[in-house]
Amino acid sequence: MFSNKNTDNVENDNNNALGSVIARINSQNIITKNKAPVISEDFETQDFDYPSFDDETPNYDRPQPTMVENFTLLPGEFVLMITKNVVNLSLTTTTHRIGTLYQTNYQMFFIDDSTRQLVSTIANGQLLQIKKLKGHVTVKYHDNTTPNNNNNNNNNNNNNNNNTNNNNNNNINKSNNSSTDQLNSFSLEKQPSQNENLNNNNNNNNNNNNGNNNINNNNLMNSLTQPSTSSRSRLLKSNSTPINLNESSTSTNSPTLSSTTTTTTTTSSTNGNCSTNTWYSNGVSEKALILEIRCKDFMITRYCLPFNEKGNEAFELMNKLICNNYQDSNQLFSMSYSPFKGVISPIDGWLFYDPIEEYTRQGLIGNSNGSDEWRLTKMNSKYELCSTYPQHFIIPFSISDYLLNKSSSHRNKNRFPVVTWRHKQTHATLSRSSQQTGKSRCEEDELLIQAIRKSKTILPNNNNQQQQPQQQQQTLYIIDIKSTSSSPTSSSSSHCEDISHYSQCQIESECLSNIHELRESQLKLFKVIRNWNEKKGWSEIQSTGWLDQLSKLLMVTKKILTHLHLEGFSCLIHCIDGWDRTCQLSSLVQLCADPYYRTIKGFIVLISKEWLSFGHKFMTRNGQSISSTSTTTTNSSSNGQLTSSSSNTSISSNATTTTTTTTSSKQTSPVFLQFIDVVWQLTKQFPTSFEFSDSFLSVILHHLNSNLFGTFLYDSEKERQQNNLPTETQSLWTLLLSAQKNSSLLNPLFNQQLSNETSSTTNLTATTSIPLTNSTTLDQQLQFKNNNDDGVLFPNPKGVQLWSDYFLKWRNPPKASRKSNTLIAHSLGVSYVNGDLIAFQKKKRSRRSKDGASGSSSGSSGSSSKHHHHHHHHHHHHHHRKSTDEKDSKEKSSKSSRSRTSSSSKRKSLSTSSNSITQPDIKINETITTTTTTPTNTTTLTNTSTTPRNTTTLTNASTTPTTTTTTTTTTTPTKDETINESVQVNNDKLKSPSGDDIKQEQDEMNQFTSQHPNNQMESSSEINQQNEQSQLEQQQEQQQQQEQQLQHEQQQIEQQQLQKQQQQQEQQEQQELEQQEQPNETITYSMESDSQSSISQNQNQLQQQQQQQTLLDPIDESSLLATTTTTTSSTAITSASKLEKELRKQEKEKRKLEKEKKQKERAERKLEKEKKRDQKEREQKEKELLEQQKPKADITVVLQSPSKKKAMSLTMPVRGTKSRISIFSSPLVPTLHPNLSDQNSQTNSSGDNSGNVNNSPNLTSTPISNLSNNNNNNNNSNENSNNNNNNNNNNNDNTSFSKRIFKTLRGTKTFNREPTPTVGTALN
């Protein structure tokens, strides 16, 4: 229920009914601006959570918007009226629908009753004209096959009229029950007492005499529109009088939904006009309103409203909302629209356009190339100099504010010449202004224009040098675009500049259509579209002149582009006032010349600069006005113009009169629509040059009249600032910028390279030696253009076509949908944007993606650890896992790395004798140097690690007589510390090769992996390096043993053969070299080509060392070293094999557990699927049962057209195979069945016996009190029951014959224009 609070902000007008209606709407909206209304008795309201800004942000406490049948309304929107049993007539197909029409303070929308889908929406600001169509509607409900339990008490008579009266009562009760089921879905409570009263009323109607048929038929008519007192009471709560629509209403209370069952009567004017429109229900005449709603965006819809209180009130509300004369700006819905911003505010469209930033981008200010020529003046900061100009604009630097003030008085509306754009390469400027006030001379205006003409521009010279600015040769083209019919009393050259006073200026007259010619062309176009014919329509469009006006605009645009881009001359555009055609032409020139304006952001800047800031009269041209800023008069003549005022006057003849402003009918013109249409033409001629698509332009046109945003309200920037629109309303640019990533708004063929815009301006280099003058040939111009092309588009004026997707949109209406965000999407014109103007992405739920993510996270540790040795040691792969699986994955990686190190050491120890060894791709540069200088033996291991290459040098030198063992020295303490630690462990192995030491090594490795969990992947590569170093050490030991044996042999031979020592030494050295090559080959598997040269040098050094060591004594400790190496290798192999077996067992167990879990999950999913299937089957069965109990309707719509002689019919099933809808036109209105006329005469003659029962065939709203009094009246009609029985017995013979004919008619596809007598008897 709405709250009944009074507000002081609303001003009521006693003379205008619309003022009171909109004022109450605004007062209610002010109350509900911070809290959404809740309508508890008409339809359920559900909370709808909008998508949050981020997943991490909390849910803010916000008032939830209202929901109607699972459809979300906009914030600040509430329902005014609900109308049941409305027929939505399709214009192209036969998918006519029966549903409910909702009217809110922003729009009206239609929801189908059977499918619960949103079919159509129309914003209140889009309403242009509502026209009544002549014709009638026939609705017939078939009999149900299943009996109803509520009809068991129908046999209260002991008469023999069961064949007729019981059938009628069954039909009545079934239609009542079905309709109550439909309407009860909108309510929250039921009233069984009233249902019982109505059923008792129907059961007792069998005792009536002559008024029997009338009572039954009247109750059946009530079953269509007012099926039962319970549903009727609910309808009256929402539809009877939610707001006082009388013109004399002066109350200040907000609209409320009355809980009392009150009824109102319709006006006599509407009754007289709708006398020919009838709605037949089971053969009983019922009036209907067939309405054709014409919108400003060329959309056409047709509704058929029931001719009762609710239908008439809905029609009156449409007429009142169609009036565009508002008493106050608070009556606009844009002032009530209040999206929730929360803590994080989205983009603010009011602050998007910054004139200083835009002029800096062009290079007019803030740049060394042009900052000395132009300046930004703030003389109009309070809108005193010109009320329709912006606060900041560009003028020449040499013009003072005094001269500017004098020049403004010489132009219409003080709109003096102002620079708005400069060419990037030629530096030619584009200016705009209005025409002069008279023929008198103004020196200040001449100085201003000369300063604009003398601006620095770049022209080609005769020499092949860099082009220089030339001021003396510059000419300024003054483009006069007013039409010849704009000043009929004077010549076309009046109020134009005198060339004698404006030196080096040329005037070009281009006659563009004025606002009156545009309006006439739009009217012709709308008539052709309303009566569209595929054969003649395209030729008739050419006769409207709309396409000719578009081609004229493109031709003048192309001519100005040649002056700016090809010739390098500045241009000044002006018309009479400079806010209609000047805006069109200036915007189109900049759109073709500057690629930045062809993007979404650039196009918004272009409209904000050229249209909004320079004072285009959006509200006046759209036919809207506010009484506070304009005077209102009554417009009684209707000339059929395509404006809101004309539509009001045309409707006033049929319904009620409305008030409009005098300027609304004469000053309306589709100026902005024509500009958007030309932009669409350019997108088709240059499909890769625009970032936005056709739907982007359609959204802008949709909100031109929707009154949802404050962007296009009022006529100037001053008026918007005075009415606080930036703070009280939302900007359309907020919606477009938040939804700019939407695929429907983007052009998939857009080439971004052509639209890359740099902020700095560049000088034009000389590319041709031919100067460009007025006598330059076209080839020379094209050569200059091609050499200095910057994405300039030259349109084709002849390639103009009709924008069929916009002007013929009624042929492709939006698809019906049941999604909760559908109503918001239709209201905004953009999908995937919520009511808070925040874009959200479509959620794609897939079970496989979730399972695959969990499976990949568990298996990534094993796969990455297995294949990590194929990568370089400095590459690291960090996997994101869940917190519960991190420990398991780390343990797996550590164990697997240990097993791999043991296995690799095993393989390497077994393959040392082989010449070719395959190893991982680890590139390490190693050099081996061994030197001996003294008789003592000292072993030194030095490991130097450098980046990017690791070099390990092993030096065997004897410098001191003592034996010393030194550890490694490192240069980088990051990764190489682990290698040094491993080398220390290997040295300990040489000293104590026992089993305890091996266990200590393993413990040390475990401690290392536990202390460095993040470097587990690095340890694998480091361990490989350790194993390689251990092999190198073993090979060195073998070499030492061989050398010692040779020394012993040489000492024995010296005693016997002293002379042959030198020869033997040479032979022995050769043998030693061959033995040294074999271990060196095993080392070269990980060396690069650079290390081979170092090995050859080391061999020469070994030969010299062996010669010096021949005289030394042998060392007996060599045998011990050989035994230690064999024991360590055998123990490492056995321990590694055991660890591998344990790891494999653990992995197998884990795999089994994972398989069991997956099987359990699959079983659970199967159970869930089965449950869901069972639920769906149950729901379908319940729906089928409900549909069987509901009546099935046949709708026949007959539109009267005297021009057509033959009837045209179209059929299609609505709710079942037996039901059908047929729509056809006929020259004659079908008459009633003669039996029905007999019934009417009988009802008129039996007025005394019928009591308070309404006997008129026309449907009128019968009070509930009359329905409750029927039982008392039935008791008084027992005397005439015998006569009724005799009449019914006479009709028994006719029923059997009529049933046969009725069955045959069910199989036919169409109905005759006039009902046959047999059908009438069957229905009776």
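Note that Cβ sites are derived from N, Cα and C of the backbone, with glycine treated the same way.
Annotated substrate binding in Swiss-Prot involves Asn514, Ile515, Cys575, Ile576, Asp577, Gly578, Trp579, Asp580, Arg581 plus, out of the candidates Arg441, Arg453, Arg621, the residue Arg621.
Take the CB of Cys575 (substrate binding site) and look out to 10 A: across all protein chains shown you find 26 other CB atoms. The average pLDDT computed for the coiled coil (1020-1195) is 70.
Sorting the compositional bias 'Low complexity' (1025-1043) by DSSP state (H, G, I as helix; E, B as strand; all else coil) yields 19 helix, 0 strand, 0 coil.
Taking every pair among Asn514, Ile515, Cys575, Ile576, Asp577, Gly578, Trp579, Asp580, Arg581, Arg621, the residues recorded as binding substrate, the greatest CA to CA distance is 17 Å.
In terms of DSSP helix, strand and coil, the compositional bias 'Basic and acidic residues' (1144-1193) has 46 helix, 1 strand, 3 coil.
Under the DSSP three-state reduction, Arg581 (substrate binding site) is assigned to helix. Around Arg581 (substrate binding site), a 10 Å sphere centred on its CB holds 28 further CB atoms from the protein chains shown. Apart from Asn514, Ile515, Cys575, Ile576, Asp577, Gly578, Trp579, Asp580, Arg581, Arg621, the substrate site neighbourhood in this chain, defined by C-beta within 8 angstroms of the site C-beta centre, holds Thr582, Cys583, Val671.
There are 18 other CB atoms within 10 A of the CB of Asp577 (substrate binding site), with all protein chains counted. Its Cβ placed at the centre, Trp579 (substrate binding site) has 23 other Cβ atoms within 10 Å. The number of other CB atoms found within 10 A of the CB of Asn514 (substrate binding site), across every protein chain shown, is 20.
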